[in-house]
Amino acid sequence: MPSLKALLLALFIIAVVVDQSFVEANFPKSMYINWGAHHSSFAGNGEDLQLVLDQTSGSAVKSKRSFLFGSIEMLIKLVPGNSAGTVTAYYVTSTGDKHDEIDFEFLGNVSGQPYIVHTNIYTQGNGSREQQFYLWFDPTADFHNYTIHWNPTEVVWYIDNLPVRVFRNYEKDGIAFPNKQGMRVHASLWNADNWATRGGLVKIDWNSSPFIARFRRFRARACKWDGPVSINQCATKSPANWWTSPSFSQLSSSQMGQLNWVRQNFMIYDYCKDTKRFNGQIPPECFKQQF
């Protein structure tokens with residue numbers, strides 16, 4: 001039987017591991033307003049965030065820390081009613097011309113028409129990897145969970161715990177992967193009526209403003225970026241780096257079933273199938289195992 005001292009030591013180690021990969025979910029402590037301060041507000045003891053867009057400005061926040069690998073999640077309630085021309089964005093990104101980025105963007109629509117979930121990933125400054133989906137619920141009626149999970153093996157986008165997209169690491173084949181830059185978490189609400197709704201044909205109706213998007217319970221269970229030393233530290237297989245566990249290296253059979261259900265029923269655009277856009281030169285990752 002293990003001694004009481006050994007048990008206490010084990011519990012202490014577990015507590016340290018959890019502490020190192022978890023960022024407190026209080027918005028004012030973990031994020032700051034970097035655009036439209038007069039349009040943003042925290043509430044609910046710091047658990048709630050409200051972003052506003054009107055004719056004078058949109059608004060945005062970003063995390064105080066950068067991360068490399070782990071799980072970033074947020075509950076979001078999108079702009080209700082006539083949201084055409086607006087974009088609510090939730091993403092992680094580094095900076096510079098060679099930046100990495102993993103996106104959720106929610107493209108508004110006229111009343112009665114569905115939101116489009118626009119996902120994308122940038123590696124070394126290169127994007128153009130869009131996949132788009134309709135949602136199987138009303139995202140304006142209540143809060144829903146949107147999670148970005150990434151590790152040295154793959155990036156997975158989740159909606160209410162259902163995987164909707166996977167981008168796997170094929171760096172060994174010359175395909176860049178976001179594994180060498182710390183990324184901050186961002187959320188914003190802005191005017192994108194030059195492209196967001198029907199390719200920019202439908203403009204914002206400012207009579208419907210102010211537009212309000214609500215965010216709740218930000219969680220970052222992720223490796224904190226401390227500079228280049230984190231490239232190896234965050235990727236090393238260890239109990240502290242829970243995201244490196246074999247169970248996160250590939251979707252389970254049940255998750256594959258969920259992914260296929262979403263993609264078969266709600267996917268409306270896949271860059272891998274857009275031959276006209278790339279003049280027949282489909283990006284190389286499209287020929288690899290996707291999931």
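Every residue number used here counts from 1 along the chain in the order it is shown.
Here the Cβ of each residue, glycine as well, is placed from N, Cα and C on the backbone.
Values in this document were obtained by computation on a predicted structure and should not be read as measured data.
The domain 'GH16' annotation in TrEMBL covers 1-215. For 1-25, the entry in TrEMBL reads signal peptide. What TrEMBL lists as active site, nucleophile is E101. Here TrEMBL flags E105 as active site, proton donor. Annotation comment: TrEMBL describes N109 as N-linked glycosylation site.
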Other CB atoms within 10 A, centred on the residue listed as 'active site, nucleophile': 19
Whole-number Å value for how far E101 (active site, nucleophile) lies from the residue listed as 'N-linked glycosylation site' (Cα to Cα): 25
Count of other CB atoms lying within 10 Å of the CB belonging to N109 (N-linked glycosylation site): 20
